[in-house]
Amino acid sequence: MTLSTEESIEMFGDINLTLGMLNKEDIVNKEDIYSHLTSVIQNTDILDDAIVQRLIYYASKDMRDNNMLREIRMLAGEVLVSLAAHDFNSVMYEVQSNFRILELPDEFVVLALAELATSYVSQSIPFMMMTLLTMQTMLRLAEDERMKGTFCIALEKFSKAIYKYVNHWRDFPYPRLDANRLSDKIFMLFWYIMEKWAPLASPMQTLSIVKAHGPTVSLLLHREDFRGYALGQVPWLLNQYKDKEIDFHVTQSLKQILTAAVLYDIGLPRSLRRSIFINLLQQICRAPEPPVKENEMKASSCFLILAHSNPGELMEFFDEQVRSNNEAIRVGILTLLRLAVNADEPRLRDHIISIERTVKIVMGDLSTKVRNSVLLLIQTMCEKSYIEAREGWPLIDYVFSQFATLNRNLEKPVKTNFHENEKEEESVRETSLEVLKTLDPLVIGMPQVLWPRILTFVVPAEYTEALEPLFSIIRILIMAEEKKQHSAKESTALVVSTGAVKLPSPQQLLARLLVISMPASLGELRGAGAIGLLKILPEIIHPKLVDLWKTRLPELLQPLEGKNISTVLWETMLLQLLKESLWKISDVAWTIQLTQDFKQQMGSYSNNSTEKKFLWKALGTTLACCQDSDFVNSQIKEFLTAPNQLGDQRQGITSILGYCAENHLDIVLKVLKTFQNQEKFFMNRCKSLFSGKKSLTKTDVMVIYGAVALHAPKKQLLSRLNQDIISQVLSLHGQCSQVLGMSVMNKDMDLQMSFTRSITEIGIAVQDAEDQGFQFSYKEMLIGYMLDFIRDEPLDSLASPIRWKALIAIRYLSKLKPQLSLQDHLNILEENIRRLLPLPPLENLKSEGQTDKDKEHIQFLYERSMDALGKLLKTMMWDNVNAEDCQEMFNLLQMWLVSQKEWERERAFQITAKVLTNDIEAPENFKIGSLLGLLAPHSCDTLPTIRQAAASSTIGLFYIKGIHLEVERLQGLQEGLESDDVQVQIKISSKIAKIVSKFIPNEEILMFLEEMLDGLESLNPTCTKACGIWMITVLKQQGAALEDQLLEILGTIYHHMPVLRQKEESFQFILEAISQIASFHMDTVVVNLLQKPLPFDRDTKTLWKALAEKPASSGKLLQALIDKLETELEDDIARVEAISVACAMYEVISMGTSVTGLYPELFTLLLKLVSCTLGQKMLTCPWSHRRHVMQQGEQQQIPDPCRLSTATLKCLQAQAMREGLAKESDEGDNLWTLLSSPSTHHIGVCSLARSMAVWQHGVILDIMEQLLSSLTSSSENYRITGAAFFSELMKEPILWKHGNLRNVLILMDQSAWDSNATLRQMAIRGLGNTASGAPHKVKKHKQLMLESIIRGLYHLARTEVVCESLKALKKILELLTDRDVSFYFKEIVLQTRTFFEDEQDDVRLTAIFLFEDLAPLTGRRWKIFFAEEIKKSLISFLLHLWDPNPKIGVACRDVLMVCIPFLGLQELYGVLDRLLDQDLPRARDFYRQFCVKLAKKNQEILWILHTHSFTFFTSTWEVIRSAAVKLTDAVVLNLTSQYVELLDREQLTTRLQALRQDPCISVQRAAEAALQTLLRRCKETSIPL
């Protein structure tokens, strides 16, 4: 082994480490160290010299150390020897240095030298002379037994090395050495050991000498001068055969000596040879202990050497020894002969006759071992052509005789050792059969030995089991001869001399070969060999058969090629060949002789064998072909009177007479009649029952009549049927059932079976006659008999074949005319079904059997009975041309097919499978849909038998309708149903469904589905799943073509839903089915479901959701609903149907159905529906016809159409938000409350519009386009909805950019003049929002818009309109100039002022904001006017600074800041700035400061404030009343005397006095303060109060 550099370094390091450990005195680990070193050294190519030297040193030292354990010393020696491969000279030097003359060496040094001599022969030979000389001086010193043994080992190995050199010196790399000098030394050593040590040697030492003996003598034989002495020592060696432990080594040494003698061509002395023969034979045949196997093999090889050198003398020795009766010696010699023959020793061939004679000597030996040995020797002799033509036949005959000996030897068994003898005889038989199988008949000389004497073994029954190889031998011989004849000019025909052997007659050969051919149908090679032999033996059988068999036999052999065929068919073919052959021969004497030969073979076969049954039929057929009527008559009489010669008398006589009747019906019937008249049947019957006499009974004769009818010529049968056959059978049956008018043995099974068999065969015969005009008058009577038999059978057991046979009889009788009525058929079938299917399970039936054979019989009866019932049902059903009648008969099985007992289901399905086979053609109108639905799901039933039968039946349904399926694929799938894995079953059933579903007639789908739905309700879980899979598969395949049946299908499904809801998995299949139908007929399904009453029940909701679950069809479903809703809302009126659509949409959308593509249409329709159902009650009560289960005290809720519609719209918006089409409403969930209320609907719509995702402007534009019509709708509610929606959208610039809102603007303007306040409000809002969405449109349409909006200011009855108008004006005015507004300015100002005191905060606030916005629009024209209007409005602004609504206070502050400049009162800004502080000033303080400033600037305005204040004293707001009083107080305080005098003191005092009684304390205090101020000011001016 070559190592890499790295590995070498690592290895050397390892060795160095190991050497370091060897240097220690640690003995314990040295054994492992040396074992490791041995492995390393032997697996390493190169070792460092220094390492080698160190290893040699340590190994040699430890090897010689007596203190070391022997095992360690031995391992050290192995290491030392292994090192010789790296440095031989150093190792040899080390060993030789410790191997010195006249010094007794260490034992292991000698062993090391010996091992070096054998392991390194080439290197050792040069040192051998010195070693031997030294060793010679040491032998005298050896006294220890172990040391002597060591020297013997050394002598053995030195001799082997020198022997190798002597015979192969040319292969050695140095010049030839003088081998004689070496052998001289070996001789001296050997002489010393044999003379000095051997006589007194212990057993152990003797063993060592024996081992050295062979190699040493073998070496010495090459020297003539030593040869005598060497051979003289062989007897000593032979004398050592004493113990099994040493015998092998003696034989081994002997073999080495014999091999050397052959090599050197040395002839051993005769006495020595004989001694060797005897000793070796004893080793092979030693008794009582068997020889050691290895020793026996060595001894055998010694004999082979002797057979090569002295074959003649060896054969003489064998001949002498084999004559003794010693079994072991005979077996040993036969075994040695077999080995010698098998070795194919050329010199042994000269002694073939001697070998044959030796074999013949022991042929009479009855010992099993001897016979087996003889057979094996004959086998080898045949293989090696050691058979001599003249003397060889007895050996072949011996082989056959030993095969047949088994039966003869066991006929009289020895009771004590019977089983042992049987085994031994069987071994002989097997050996002889093996010899025959391996016999090559074409080996030189064998054809002359075998032919034609080999034919003598064909006919005797004892050679039956050997016929297969026998036929092969005969066929090879004949075919080889034919080949020679074709290739050679001169005939080399086989020798036909038979000597004393008697050959079989042609009739015997034909009879035997025909009978033996029968098992060929079962695949037996013996049968095929027989028919093959017939093919090549026509000339031997009869010359006339050559041409016939030349054509017929190849046809006969064809069905056998590669497969088995029906036994019945094969039997028929053979009988037909026999018929044709006999007619061809046409020789009465020849036929009569064949009859006798058939009879002679009766005892050769058992009654139940196929051969025996065929033999009876062949005998009957031969009689039928015999033209001698007298002979036929006599034979029939003989069989009737002495039937026991046939074996089974009933079967035999029945078969013979039946087949004989084919050509001799008159003779058979006449002889039968005569026989009946002559025999006393009653007594005869009793004798057969009680005395055991084997004679025919009446029941036997009944059976015979049936067979005769079955085989009778059809043209003759019907004319003689009633009187000569049926009447006789009925008469015999009646006689057996009654004696002296009394019923006896009415339960006799044999009687019933015989009667049934006879009737069955008669029925078959009549049917085969094919006479359409024949009316079988006994039909109903005989069927009645059969039914009675069946009724009498127990329902809890199956012990008799009566049911089975009676069913068969009924089947054949039912086919005959006159035809039975449908009711008769149904009664017959129902009766039989009820007597078979309810039987207990098969295992329970079998448990009644006491033995395994009984159990097998019960199972056989069970299988046959079920098969017969299936065939009966099949016959009665399909013989009927009326499809409805067939269906009626099939319905008889329906209850059993769904039975809760699986064994009943199993039987029903197995029967169904027999009925639905591919060889049937159903009536034209036969419906398979319902049956398919019934059968198919059970392909996943609990039992594999049910699954297989269900699948077979399912496939069969299509075949009977003439529909051809993928046979191979279906068969493969069907086989897979054997699996117990439920998932595998479901998968296979699904595949079958996919294959066959497309072939179901369209008009039968409804029936199929009805059956499947029933199955979903009632079957087990696995079958239920199969139901669902089949239903879905069929709907997938054929759903498109179901339009005409759709409503019925849907109705059927709905009908089953309440029950199936309790079964979750089944219900899921229902939903899947609806979805599948909808995928083809969405509109129809939608319309159908919409007809469900409102509110939808749970099932209806579930159906809608199920339809929505399918991504592929959900969009289609939504579109269908949209179309339906669109149709329902065409006239802007919402009917109940529209509400149903909305509810359906809710269920669909709630399943997460994508609305992206349909959202605009959905949204507008649902919004329209909400609008149209505002305030609407349900017009009709579609739920009234449906009963609701309600709790006690619960009231039935009447659905609100608007709320239902709103709920759907809410669901839509939620989905739209998920898809990014809308956003959350600013109203939250309150939106939907607003939307569904008539009073707040427009608010909800606006909020909904604001939730539109502006970024999805494409979607909104689609919505706008569809919603545009709402503005001109005849429905006021819908117009409001549209106006409200558009009012919000009009503030979106992007929509003005991409959409056509101009038309909307025009329509909005028109709506602003509508009489409906809400509509006007929404229109005005839309106009106002235009300012945000399209400012340019405002300027363009300012006149139109302003007029419409200003008009809204006059709608005083509805503040919502006013407020909306104010807001709209504010937005629009922000975009206009004074010139744009000039024409409308005054009107706007005046109308705006009217709303400063409005009760609605929003109106007040908007009016104030608007007034502020009007300031910049006064222009020159309206500046003075506006200033005057400010004066009038100033008090409102001042008072409302403390409005309850803080926003209004801020607005008043802002408007004051804007309006002050118009009055030239800029000085007031400082006072107004105080209003900007975080904490507002007190009203009193503010007003006084304001009035102080105002009084200084403009007393007129101060007076105006006073004159307008009285109206506010009665304000509904406390804070305004208080502020008004405080302002009055400030005004009075700051009026000049002139204006004080103008005060209406009385009125003012009265009002203030009244306010002192105000509920508000603040007002009271302000009024009191104001009165005091008034009083003080009046005093100041001397004005009395």
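Each residue, glycine too, has its Cβ placed from N, Cα and C.
With DSSP states grouped into helix (H, G, I), strand (E, B) and coil, the repeat 'HEAT 1' (28-65) comes out at 29 helix, 0 strand, 9 coil. Per Swiss-Prot, repeat 'HEAT 1' is recorded for 28-65.
The repeat 'HEAT 2' annotation in Swiss-Prot covers 228-263.
Taken from Swiss-Prot, the feature repeat 'HEAT 5' covers 405-445.
According to DSSP, the secondary structure content of the repeat 'HEAT 6' (531-569) in residues is 29 helix, 0 strand, 10 coil. The annotation repeat 'HEAT 6' is assigned in Swiss-Prot to 531-569.
The repeat 'HEAT 7' annotation in Swiss-Prot covers 572-611. The repeat 'HEAT 7' (572-611) scores a mean pLDDT of 88 in the predicted structure.
Under the heading repeat 'HEAT 8', Swiss-Prot lists 662-699.
When the repeat 'HEAT 10' (964-1001) is classified with DSSP, helix, strand and coil residues number 28 helix, 0 strand, 10 coil. Taken from Swiss-Prot, the feature repeat 'HEAT 10' applies to 964-1001.
Within the chain carrying the repeat 'HEAT 11' (1021-1059), a Cβ under 8 angstroms from the stretch's Cβ atoms is held by residues 933, 936-942, 982, 985-986, 989-990, 993-994, 997-998, 1000, 1002-1003, 1005-1006, 1008-1010, 1012-1015, 1065-1070, 1072-1074, 1076-1077, 1079-1081, 1084-1085, 1088, 1099, all 6 or more beyond its ends. Here Swiss-Prot flags 1021-1059 as repeat 'HEAT 11'.
Same-chain residues lying 6 or more positions outside the repeat 'HEAT 12' (1112-1151) and placing a CB less than 8 Å from one of its CB atoms are 1075, 1078-1079, 1082-1083, 1086-1087, 1089-1092, 1094-1096, 1101, 1104-1105, 1157-1158, 1161-1162, 1165-1166, 1168-1169, 1172-1173, 1176, 1178-1180, 1182, 1199, 1201, 1204-1205, 1207-1208, 1211-1212, 1215, 1273-1275, 1278. Sequence annotations record features per position, and here Swiss-Prot assigns repeat 'HEAT 12' to 1112-1151.
The annotation repeat 'HEAT 13' is assigned in Swiss-Prot to 1157-1195.
Per Swiss-Prot, the feature repeat 'HEAT 14' maps to 1258-1295. Residues of the same chain lying 6 or more positions beyond the ends of the repeat 'HEAT 14' (1258-1295) and with a Cβ under 8 Å from any Cβ of it are 1131-1133, 1159-1161, 1163-1164, 1167-1168, 1170-1172, 1174, 1221, 1238, 1241-1243, 1245-1246, 1248-1250, 1252, 1301, 1303-1305, 1307-1308, 1311, 1314, 1316, 1318-1319, 1322-1323, 1325-1327, 1329-1334.
According to Swiss-Prot, the repeat 'HEAT 15' annotation covers 1363-1402. For the repeat 'HEAT 15' (1363-1402), the DSSP counts in helix, strand and coil order read 29 helix, 0 strand, 11 coil.
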Under 8 Å between C-beta atoms and at least six residues away from its ends: which parts of the chain pack against the repeat 'HEAT 15' (1363-1402)? 1321-1322, 1324-1325, 1327-1332, 1335, 1338-1339, 1342, 1345-1347, 1349-1355, 1408-1411, 1413-1414, 1416-1419, 1421-1422, 1425-1426, 1429, 1432-1433, 1436-1437, 1440, 1443-1445, 1447-1448, 1515-1516
Using DSSP, break the repeat 'HEAT 2' (228-263) down into helix, strand and coil residues and give each count. 30 helix, 0 strand, 6 coil
Can you tell me how the residues of the repeat 'HEAT 12' (1112-1151) break down into helix, strand and coil by DSSP? 32 helix, 0 strand, 8 coil
